[in-house]
Amino acid sequence: MTDQLLYATETALNGLMTGVMYSLVALGFVLIYKSSGVFNYAQGVLALFAALTLVGIQKGQVPFAHLINAMTGGHLESFPWQVPALLAILLTAGVMVIMAIIIEKLVLKHLVNQAPIILFMATIGLAYFLEGFGDVMWGADIKTLDVGLPQGINETIETVTGDLFGYGFFIDNLDLVATLVAVLLVTALTIFSQYSKQGRALRAVADDHQAALSVGISLRFIWILVWSIAGFVALVAGIMWGSKSGVQFSLSLIALKALPVLMLGGFTSIPGAIVGGLIIGMGEKLFEFWIGPLIGGATENWFAYVLALIFLVFRPQGLFGEKIIERV
Amino acid sequence: MFYREAGDFKTSYRADSQTFPIRLDRMGYFAALIVAYAVVPFFIDDYWANAVFVPFLIYAIAAIGLNILVGYAGQVSLGTGGFMAVGAYAVYKLMTTFPEVPFFFHVILAGGVTAFVGVLFGLPSLRIKGFYLAVATLAAQFFLVWLFNKVPWFYNYSASGQITAPDRTMFGIYITGAQTSAVAKYLFCLVILTLVALMARNLTRGTVGRKWMAIRDMDIAAEIIGVNPLSAKVTAFAVSSFFIGIAGALLFSVYLGAAEVGESFGINKSFLVLFMVIIGGLGSIFGSFAGAAFLVLLPVFLKNVLVGALGWPTDVAAHLELMIVGALIVIFLIVEPHGLAQLWRIAKEKLRLWPFPH
């Protein structure tokens, strides 16, 4: 193989891995959209909040330290303990569940039967609120997240491909772990929704709210459940992205990267989120690799959107989305 | 008792189809105009102009523009920031290329350029609907911001990548640049806002506006009764982008003076204007004003209270501000999903009967 082709292959592989990371965020969107018809813009901020909380618990930070200091003039910093990673993750998952309950009680309950745009705007408001809340609670400085995931370049792959092609592929260990986690997560979600009682209820709600209500499924419980699962998915995404690039405000912007993934895959399809993520991840890396240098680089910001836009013109419901049927 | 249409007889078709058919409404409208043109300019100083009035006027233009697209034609757009950037860069290129043409025409032309770009990005709306369209308009947002960052021709090859508004005058008075007085900025924006609001009001009352609303309520049904969806959607995108482009041009040249595209016209700007439209009230010109006023005043108010009165550090205040704005938006949507305009409507209904219960 020529060098150019080898580079391209490496870029494509890395793109696929990035795509998996996008899919992790997109999954949370799909879950909520499918079951409640809410287009949850706050998913990215949920991931940021989860990551912030995880770091905060792990390092034993005092919540609201800044605010308390500002109000009382004290100098609170952190508790004198560190929490082991696994326990911290469990605690954070607990926080996300509480969050889901609060969101349902304070926001969603009151917005039943409103137009989708209103619900969408409410989640943007929620995103603003959570962003400020996370910052006030844990401080806005950039934090490093370390839960013991392997970092750096995978040397085995580098030597093996080096022997085979005379050129070692650089693949991040973390990306490999992310891929593995994504596979596990999707498998777990599929098993949950296909074989458990709650999962069946969830699918029923997704299919038809009123029919589900009439056979005795509690909508509110399902919504809490879905938001909890979405919170958990956000936590996983937050751990992966946080380990990769640090926990900071820009983490919430990955939600914007997940949107074209959703468009491409269809808002209602879990496989769509995965396949869409892979296509977008690979597409944008290859585009940047080949076309990027010709037109000034940094094309990753918009390529995904334009690709999704062009794609949608030909297939308005996305790759795997349900066919949009309009009746007068 | 005082606010009513009873006894207000119309004797001509002209009087019957005027913009404000109720006398008190009409008086309120003229009173507002008189206050805006003849009272405020005498009291305005730099702080009030820069913190409150000029941003309010400019955002009101943008909100009217977006309201036409989202509120009247039902096409949700998240590309407002990108379209404002088109207006800003268009006016910059025009100002630097044709310095002898009056600045007013530059602003209008910049709106025209934006309208063209808006139509281009609006064409997919014929196939893509709902949230898919909302996300698709993000393509415009990101692509346009990237374009203005990467192509040096747009910022005249300046080293910083910023665009800076050159000094321009109208009738010998500075409108842009450092020497501009607060009154000149205010009045210039006010004149344009008045024109825009009049145009929007009358467009939405006429054939075009009715077509937009038919498309919004159900596009297939509208098509069956003879509304051409292509022309309705494209005109909605064109008119909306025209106004948004004007707002972007004013924001850059009159208000900011210098702009960097990612910072001044980022995705947050799109959300800000969308919030104004939603909080103000979808499908209402008055709502656009109310929403713009609310979201311009709120941060000023919060900053004065948190930093000024309570003396908290600015970073904590900034985060609290995010929280409060977010919470207020959610509360607003829960309490009154149809926005401030609906509150106004309810108040007027109550006023018709007041002070008698029946």
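The backbone N, Cα and C atoms fix where each Cβ goes, and this holds for glycine too.
Per TrEMBL, the features are as follows:
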{"type": "TRANSMEM", "residues": "A:12-33", "note": "transmembrane segment"}
{"type": "TRANSMEM", "residues": "A:38-57", "note": "transmembrane segment"}
{"type": "TRANSMEM", "residues": "A:81-103", "note": "transmembrane segment"}
{"type": "TRANSMEM", "residues": "A:110-130", "note": "transmembrane segment"}
{"type": "TRANSMEM", "residues": "A:176-196", "note": "transmembrane segment"}
{"type": "TRANSMEM", "residues": "A:217-241", "note": "transmembrane segment"}
{"type": "TRANSMEM", "residues": "A:261-282", "note": "transmembrane segment"}
{"type": "TRANSMEM", "residues": "A:289-314", "note": "transmembrane segment"}
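The transmembrane segment (A:261-282) shares the most Cβ pairs under 8 Å with A:12-33, out of the stretches A:12-33, A:81-103, A:110-130, A:176-196, A:289-314. Of the two recorded stretches, the transmembrane segment (A:110-130) lies close to the transmembrane segment (A:38-57), with three or more CB pairs under 8 Å once pairs fewer than 6 apart in sequence are set aside.
The listed stretches are A:12-33, A:38-57, A:217-241, A:289-314; of these, A:217-241 has the most Cβ pairs under 8 Å to the transmembrane segment (A:81-103).
For the transmembrane segment (A:176-196), the partner stretch with the highest count of Cβ pairs under 8 angstroms, out of A:12-33, A:38-57, A:217-241, A:289-314, is A:12-33. Counting same-chain residues at least six beyond the ends of the transmembrane segment (A:289-314), those with a Cβ under 8 angstroms from any Cβ of the stretch are 7-8, 11, 257, 259-261, 263-264, 279-280, 283.
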